[in-house]
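Following this message is one structure expressed as structure tokens.
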Amino acid sequence: MTISDKIRIYELSRDLNLENKDILDAAQKLSISVKSHSSSISVEEAKKIKNLINKKNSDKQILSINKPSNKKDNYKQNKEDKSPVISSVKGKPLKDNSNKKQLLNKPLNKPESLKVIPNQLKNPNKPNIYNSSQSQANLTNQNTKSKPSEHFNKDKKTFRNNTIPPIKTPAKPPIQLIAKPKNINNNLKSNESSKNIPNSGDKRELSLKPDQNRNKPKPKNSNNRRNTPELVGAPIRRDDPNKQNNKQNITFKQTVSNRPGTPNRPGTPNRPGMPNRPGLRNKPTDQGRPGSFNRQANPNRAGAPNRPGMPNRPGLRNKPTDQGRPGSFNRQANPNRAGAPNRPGMPNRPGSRFNSQKSTGIRKPVSPNELLQLQKTNKSEKDTLAKTNNQKQNIESPKQKAKAPASRPNAVPSSKKPPHRPFSNSSKKPGRKDWDDSAKLEALRNKNPQKQRQKVHIIGENDDSLTSETSGYSGEKISILSASLARPKKEKSEESKSHKSTKQFKKKKKETTRQRQKRRAMELKAAKEAKQVRPEMIIVPEDNLTVQELADKLSLESSEIIKSLFFKGITATVTQSLDLATIETVAEEFGVPVLQDDIQEAAEKTVDMIESDDFDSLIKRPPVITVMGHVDHGKTSLLDSIRESRVASGEAGGITQHIGAYQVEFKHESKKKKLTFLDTPGHEAFTAMRARGTKVTDVAVLVVAADDGCRPQTLEAISHARAAKVPIVVAINKIDKEGASPERVKQELSEKDLIAEDWGGDTVMVPVSAIKKQNIDKLLEMILLVSEVEDLQANPDRSAKGTVIEAHLDKAKGPVATLLVQNGTLKSGDVLAAGSVLGKIRAMVDEHGNRIKEAGPSFPVEALGFSEVPTAGDEFEVYPDEKTARAIVGDRATDARATKLAQQMASRRVTLSSLSTQANDGELKELNLILKADVQGSVEAILGSLEQLPKNEVQVRVLLSAPGEITETDIDLAAASGSVIIGFNTSLASGAKRAADANDVDIREYEVIYKLLEDIQLAMEGLLEPDLVEESLGKAEVRATFAVGKGAIAGCYIQTGKLQRNCSLRVIRSDKVIFEGNLDSLKRSKDDVKEVNTGFECGVGCDKFSSWTEGDIIEAFKFVTKKRTLTQ
């Protein structure tokens, strides 16, 4: 003690012979503020702690379970000891707030004290397991006139007793609540094998109703081993030594649910309503056990509860029902007792008999999840309980469906497998509802086999001692059990089937790392094998591909593409985008031609012009022939030869950069046949125009020069014709020229799967000369033969459908479109929709300029009357009224605007390389253009060529591109945006020139596409910053030095070139540059001069260098600017 009458925690623990943590725990429970073992408390607080610890020690003595002794006077019930009744509570069942599951690792050698708390339910830890042989003698001397009571020992907490009258109606039985201490392990420290329970005044008796207490028996205490609940190691069986006719006394651990939805906990004492224990045959049941209600087993007692889910325990035959068990309420087992509560979820134990009624068999322990499901079904399926009970009786037959009792968690594994308990069929008790849910439990388990968890057997540390105390309880006498009790073999096979069914629900094992690596290696190997075959042609979408995409299209590894680019001086990664020129260069290296995706789509025929209604009125129509080939191979000359011989003289045949549509007549087999020819440009910029020509054609004439062979546009034309699925007729031109080799052309075409007929193929090849007009008639005959095979037909009696071949804006006529009628007849005044353009035919002229009123199938005409210039390649169709056509045009215009916006955004596309350039130079340079051309095809050709220009450092941005003349509106747009106006084969509107001069707008006009593209490239290069290049001026040798003031002058002799004042110089000594700077002073004979030429002497001075030495070499140079190019 200290001076201030304070006590330290460690002093108090030393006085009480306890540890510091026990004192700290007690202080915490008493709300005494202490921090550590060195904290001080007052004397009053120390007394409180002592009282609490003494109370705990007394509780521990009460809680310790003694081994029952053979004395008869161990327990004497005091008649005056009356305990309040814990009865069922009206209303909803109380919930258990305790979520902890407790497990006893040590045997309980003393009876447990149960703490009774109203409105709260404590789950038991472990059911009591009795030795039936030791307890049978104790059940014979009970006084039947004594009051029934159940003895509860004190817990470490005080008891609160709440007596509530029982419920009269047993329809929904409420729950009897018996709480137990939270931590029994903390209270069990003694392992004594035989102690008597003190018969003190601290004992509490829990009785039933007062009127029943007077008539119920009081247990005797002489030699009653049933008075002490005892835990044994395992649910094993042994013979009863006092009854020779009983060959199986089986202890059984039954899991009992206290309330709906609450999991059962092991280690609880027997409570009111607990089933009679197995193995007590021929025992009188009129003797109550300590701490239990003694109820007589009168099945006709009014109002007795039938507890659902509690199967009767086996082996309780011929047992009087006036005796209870120790540790439980001794009550009369009268099922018809009025007002007795019926507790849901409490199954009757199997094997017990009421009025010689058979039990329903042993059931497996119920898991909490299964119990919840059972209670839900009990609430929702009251009308099917009888049917469920019948199923249960059928399932649990004694011969086929025997079930083994579940092992207790702390069970010690025995050396021999105990035989299994037989089942006996039982009928429903009279006057009681069938609350048994065994069938439902079996159905749930069969329905959800994957939810069955393997039971874990936990071996307690004192299980060995418990087994030894039972004197060989588990081992030696099992062999004398009847062999009929063993589980049938059929059940084992069914169990194995059920195990197999549960395995089917298991998920597949995850793929291991080794398996995944092996699978990936096989996939890579298969991909490499697939990539060994090179494609004939690759299609490039939107003019760009990444390196990885290009490698996939070429069936190569990406490393091969990167290596190829590296040798060309281009550093690229697999995700970097490549422009069309680079793609073509790489593809050409691997021998694969390149075709743009939009061009491929443009060549495909999208609309079938003949409908099902036209089949009755079809007639033959003239074929449409498209002349295709490489530039300068003689396409236009060939067509001119055909037209000059078939068309009236004097017709102008200006075939330049447009599609020319012409119709000629040819006499074949004494009949005049009409042929419609479309001439397409051969320049590479007009790919889209060639594709449109192929789209509407019936026969493709491929012109190949005999002296030049197959060229890139030749291969492109072949791909277009194949995309359109039209037959190809090859005209080998220029056979009259020196060096012509038609056989070489046939060889090259055969490599492209175009094999001549004389070589065994099916491709018609005609050698012709357009200049000398050789074999022209033969070519036309072959075209007619091929077209007849195609069986070309159309219906002239319907409204017209066709394709826009070309369109342009005429200064006098307005929008003009060249239309090719493919089905029906086009008439003046028809309302048509061409793409997103509405038109009403005001006039039509043929290729000769003659006005016509109607045009039949395969007839090309120029039509006037469109609201704006239609897009070349769009299909047109005539509609009955303007309202219908306008509605269709409105929908198409919305889509056209979205497409145009996407194209404008694409024109400003910035690649990875251009972004790096922008980061280095500080700003991305742009060249703004406004493009106006004569026809739509020229606009498309120019835009396609601009896309192929290098855009790494300068981005070309086309603000406006349209056919027609240059207007003042275009000038205003150019002035606002700083753009250059490009005009191709067009003119300026009135006032446009004056507006351009006023706003200082640059207008460039061109007639040839080569010059236009060249000037645009020069303009882009002009935006680049020039490079500084070093230019050498001359050399001089230092022959003398002169000291002037603080510096020095070098006397030099000019060897080559000249020296200029303020130029840059480099001083070299012993082949090493020792100084580089500016030439500040240059003198000759003491006079300052601007330059000194070869062979003269001069004096050279530098402000920053004065250590001249004879023999030094001075190199003079200057920096000049050099224009950069886009290719660098």
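Every residue gets a Cβ built from N, Cα and C, even glycine.
Pulled these features from Swiss-Prot for this protein:
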type     : residues                  : note
BINDING  : 629-636, 679-683, 733-736 : GTP binding site
COMPBIAS : 70-83                     : compositional bias 'Basic and acidic residues'
COMPBIAS : 100-110                   : compositional bias 'Low complexity'
COMPBIAS : 120-146                   : compositional bias 'Polar residues'
COMPBIAS : 147-158                   : compositional bias 'Basic and acidic residues'
COMPBIAS : 182-196                   : compositional bias 'Low complexity'
COMPBIAS : 201-214                   : compositional bias 'Basic and acidic residues'
COMPBIAS : 243-267                   : compositional bias 'Polar residues'
COMPBIAS : 386-397                   : compositional bias 'Polar residues'
COMPBIAS : 432-445                   : compositional bias 'Basic and acidic residues'
COMPBIAS : 499-519                   : compositional bias 'Basic residues'
DOMAIN   : 620-792                   : domain 'tr-type G'
REGION   : 57-519                    : region 'Disordered'
REGION   : 629-636                   : region 'G1'
REGION   : 654-658                   : region 'G2'
REGION   : 679-682                   : region 'G3'
REGION   : 733-736                   : region 'G4'
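Help me understand the surroundings of these features in the structure.
A sphere of 10 angstroms centred on the C-beta of Gly629 (GTP binding site) encloses 27 other C-beta atoms.
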Which number gives the other C-beta atoms within 10 angstroms of the C-beta of Ile735 (GTP binding site), all protein chains shown included?
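Excluding its own Cβ, Ile735 (GTP binding site) sees 20 Cβ atoms within 10 Å.
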For Asp632 (GTP binding site), which DSSP three-state class applies?
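In three-state terms, Asp632 (GTP binding site) counts as coil.
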Please list the DSSP helix, strand and coil residue counts for the region 'G4' (733-736).
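With helix first, then strand, then coil, the region 'G4' (733-736) has 0 helix, 1 strand, 3 coil.
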Please average pLDDT over the region 'G3' (679-682) for the predicted structure.
60
Around Asp632 (GTP binding site), how many other CB atoms lie within 10 A of its CB?
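I get 14 for this one.
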